[in-house]
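According to TrEMBL, the feature domain 'TRNA-binding' maps to 41-155. Annotation comment: TrEMBL describes 408-483 as domain 'B5'. Summarising the annotation, TrEMBL assigns Mg(2+) binding site to ASP461, ASP467, GLU470, GLU471. The domain 'FDX-ACB' annotation in TrEMBL covers 699-791.
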Amino acid sequence: MDRRISYNWIKEHIKLKVSAEQFAAEFSLKSQTVDRVTEFGKGFSGVVTAKVTALTSHPNADKLKLATVAVGKMTLEVVCGAPNVAVGQIVALAPVGAKVQDAKNAGSQWAVKRATIRGVESNGMLCSQRELGLGDDHVGIMVLPSDVAVGKPLETALKLPDRLLDIEITSNRPDAMSVVGLAREAAAVFDAPVLTKAPRPNLSVARRLPLSIIVKEPKLCPRYQGVVMTGVTIKPSPLWLQLRLLSGGLRPINNVVDITNYILLEYGKPLHVFDYEKVAGAKIIVRLAKKGETLLALDGNTYKLSPDHLVIADNRQPIAVGGIMGGEASAATTATTTVIFESAVFDPVAIRKTSRSLNLHSDSSDLFEKGLRPESVPVSMLRAIELTQQLAGGRVASAIVDVAVSRQQPTVVTFDPETIQRSLGITIPIATVKKILSRLGFTVSGSTSLRVTVPWWREGDIGAGHDLIEEVARIYGYSSLPTRLPAGNLPGRATDPRLVWQDAIKDILVGAGFSEVYNYSLVSASLLKAAGGAGKDAIELANPLSEDLKYLRTSLLPQLLKNVADNLGNARTQRLFELSNTYRPRGSKELPEERPQLAGVVVDPAATFLLDAKGAVELMLKKIGITGYQASVGSAGSIWEHNAAITFTLKRKTIGVCGVVNPKLHNQFGIAKPVAAFIFDVTLLTGAASAVSVYQPIPEFPAIERDIALTVDQRVSWQQINDQVQGIDPLLVAVEYLSTFTDARLGAGKKSVAFRVVFRSTERTLKSEEADAVVTKIIKTLEAGLGAKLR
């Protein structure tokens, strides 16, 4: 989370003698990263303060006015179109020759010239915040407080320029998301005294008004404070406060609202203010919303609340979404004289869920989501009372009502300084360790074994000795640690054989001409619908990022088919594969089962596209050492064409399928060409893979090959033929499938299957007659067993 903080403001809380750039460099090394240093209040030159003494209508334009402004003893007439210009205002005047920011092109300046606007000469311009580079407001001119001297350079009147630090705050350090928190850190980094003074408001009650606070959800709201202040005058904030808000990127509204935003920047603690007269029964109830309740929020939108949303309510209705935004019905206005200040902390998870479900975000919710401590509640409340008394004339009209869960005892860590030497490789004196921890706000006791009490603002971050080592190391300075090569034996890196085999499978397929693809694990409903049986049992996400990423995939094949379809215009031949997780439901209260799967597709105009896929599979199985598997041709499910799938089994378990994809499936993706594919269970593959290679000598004697074509029934599979041929004779060393052919001339229900047999002897050169004798034996065996006939 980034914060933009005034360097001048930080220096009010800590005594520093370094420049903003030096601060940024050292602070980045030892605490939070300062991304950049920018100047605030140098976006203009030649601009002066002036007073509007007269205002008349422009003779030729309804939306323009002629403003007469006094600059010391000199008066000028300026054409102005701002809707908020009025007589008596102190304004920022850019006379002819002054330079201001281009409101439409941020970062560029232009010089003001004398101009004739709709027939009337204008001798300058009245500036908005954006034109001065002090903010984003460009709707109207910037109105200065009435006590600002007229005729002075604007930078003198505003005590500018200032340096702004853009600081990247890590999520584990919500305590550093404020001026006071950064000052505490800087005190440790620079060993400088802290100047922050605790707020000391007048808490005496002149006229007591009733206030009741009930917290019905203490787990979601561990602490809630409220106080009534009366006699409040709501008006514009003084200039110094407005500039502080502008430098932090916040827009000034009025003194009471600005006080809450000021404390948000100063202490990192969101506050809220209610109009006391608009809170029914003077009662605040922290509860869950009721079904059907709504809230018109300060952003002008109406939100439908649900029973899991935490709200702040009165006797009648919700008046705020807890920790996120207040409601319009209880907002303070210029007519408000009595207010209720709220200071509370809320459960970060509940805030995050409510913010996401309502799509409602604010500076308050951003901070509460980080997890603020209950101890931050009273100090911010006292500061709000103090500033209201100073800037709005308010008086305390009730006791501070404090509803809190039982207080937690501070965390105490027993710490042996010798562990620093073992962790950092150097010895840091105990006195130095104690001093560093004390500078960071820890209370340290003991001499050899230290007893360290964690300050409340670090409770969520520090819990063990290694956390303290990190604190000591960063403040001591990582650059101060000597550079040394590692000593001793380095621990061996454990390898997962399953991952090794997965990498091997990928390398084999790439070597076989396939390209690996990476697809999202999340898919759309339309993809699942197109996938048919390949997309059943998909798990739906409760809160998807988009409709295209709504379901966890159960198969890799649908996305591979989409990849093929997307690339058809660029490649007629495609060989793609993916090895990644698929997900299956495992029970209503259990996480889904993650199972790695291998899938590949082959699209090729050549008639051998299925053989290409089958060959790649057999090559992979061979190279990862899987032998003894069976491959049977038949039907294997709806995603495969009938009797065009080869099921691979090993020890009676199906490890995968290779075949022709059902045209009904690939047509859903706009693929008219036939597609061959394979899908394998990677867990079974890697479990059966073996690194043992069996080497055979190069054959000494030549082989004899014979091709056989037989007519068999359509129901006879290649696996049945292969099973009967294998092992029929010691001279037979290989049986290779060639093709299947169907034709009406073969007869009804018949097909032709062609295969090759290879013969070899390890002792002599075979004679042709010996091979022919075995071929005759094969044919007779198949005729008797399967009813085959030689073609």
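Using the three backbone atoms N, Cα and C, a Cβ is placed for every residue, glycine included.
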Query: Given the recorded Mg(2+) site (ASP461, ASP467, GLU470, GLU471), which additional residues of the same chain have their Cβ within 8 Å of the Cβ centre, ordered by sequence?
result: ARG458, ILE462, HIS466, LEU468, ILE469
Query: Considering the binding-site residues ASP461, ASP467, GLU470, GLU471, which residue's Cβ sits among the greatest number of other Cβ atoms within 10 Å?
result: GLU471
Message: Within the domain 'FDX-ACB' (699-791), count helix residues (DSSP H, G, I), strand residues (E, B) and coil residues, in that order.
response: 30 helix, 32 strand, 31 coil
Message: Looking only at the domain 'TRNA-binding' (41-155), how are its residues distributed among DSSP helix, strand and coil?
response: 6 helix, 49 strand, 60 coil
